[in-house]
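So that you can see what the record holds, here are the features copied from TrEMBL:
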ACT_SITE  His251  active site, proton acceptor
BINDING   His294, Glu300, His330  Fe cation binding site
BINDING   Tyr309, His330  homogentisate binding site
DOMAIN    16-238  domain 'Homogentisate 1,2-dioxygenase N-terminal'
DOMAIN    240-393  domain 'Homogentisate 1,2-dioxygenase C-terminal'
Amino acid sequence: MSLPPRTLAVQDLYLRDSWLYRILPSVRHKPFTPMSCGDLTENWNDVEPDPNQLRWKPFNIPKSSEIKVDFISGLHTVCGAGDSKSRNGITIHMYTCNTSMTDKCFQNADGDFLIVPQQGEILITTEFGKMMVEPNEICVIQQGMRFSVDVFGETRGYILEVFGAHFELPDLGPIGANGLANPRDFQTPVAWYEDRTVATGYTVVNKYQGKLFSCQQDFSPFNVVAWHGNYTPYKYNLENFMVINCVAFDHADPSIFTVLTAKSTRPGVAIADFVIFPPRWGVADHTFRPPYYHRNCMSEFMGLIKGHYEAKEEGFQPGGASLHSIMTPHGPDVDCFEKNSTAILKPERVAEGTMAFMFESSFSMAVTKWGLDTCHHLDKSYYECWEALQNHFNPNWKPSSK
């Protein structure tokens, strides 16, 4: 198990580096050779574009009694855009696995992984130490860091991968010094090492330019006796998010729920934002409180860790997902609209016992063949949740006088 983690201020650091004190240098290994990528891909032209609203039922987790699947072999790319070679883009993966990685580690030379466990805790051993990450927590493994994943049963989660930028806290602007995800709540592992020879061979799997390669060495890569620096893996408990919400009228933009952002070169535009919809109070007057119907210039990929998302309490399930592409209309389903259009507006708790999240990107994301077909979990009846919306327009309506 890991030692108690320490806090890390995740900020916009112009210089990010760490110094690692190793028993043996990582350069001592056999040559890398190509290996099967499975459902991991960066090919965005494998299938035709699909601008429809997309929703997936909970993705299957393989049964350990039928097949052993570890974190690497359980990676499935759902959608993405851009290119790891040009260092500009985003990829969204699911991981579904049931067995721990044994004498094997993973390294992503292409970008950062933001991992969102949904079912089952994961023990991540890194070169910097160990982190136990549970559902309702997230962790970030930055580019080039080697890690191994232990699981304790059937396990599932989401991954946001970004190329060419690192995750950082959003600019708070007029909010001021404190709010949203506070730096004090991010934690890094403390140094942990093993001086272990592996006579049968230790496998290092490297994701490089969208492909997988592996090499062999005869020792554990987790042989870092001590380290210092600010380029580290880290984790965060979503319950620590300091929620800001509208207290007068109207529905605020979901950017007020941003935990981390990966900025693009254009000011105010993100490669990707990680946004959550945590339990909170709803108090707005003269307002349709759920998310409004809209189209926008961002791609919105949503997942559900637990509970029921307030805008679609049926159909959108934990372990599933949805994708609303750039300029594709979307919003609350019929039941949510009818309920909230006639509701008495009084202070109430919203999303109690729930944690939904969104990977929002300025990229127009393509869905993979696995996402559209092979996974067999695309909900082809999704559009029907809006079919019963009725016209309530009355040109003679006037506000009541008081």
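Just so you know, glycine gets a Cβ as well, placed from its N, Cα and C.
Note that the structure is predicted; figures quoted are calculated from it, not measured.
Tyr309 (homogentisate binding site) is 14 Å away from His330 (Fe cation binding site) when you measure Cα to Cα. Distance noted between the C-alpha atoms of His294 (Fe cation binding site) and Tyr309 (homogentisate binding site) is 17 Å.
Neighbour counts of Cβ atoms within 10 Å were compared for the recorded positions His251, His294, Glu300, Tyr309, His330, and the top value is held by Tyr309.
Put simply, the residue listed as 'active site, proton acceptor' is 16 Å from Tyr309 (homogentisate binding site) when counted between their Cα atoms. Those same-chain residues not listed among His294, Glu300, His330 yet with C-beta within 8 angstroms of the centroid of the Fe cation site C-beta atoms are Pro291, Tyr293, Arg295, Asn296, His324, Thr328, Pro329, Gly331.
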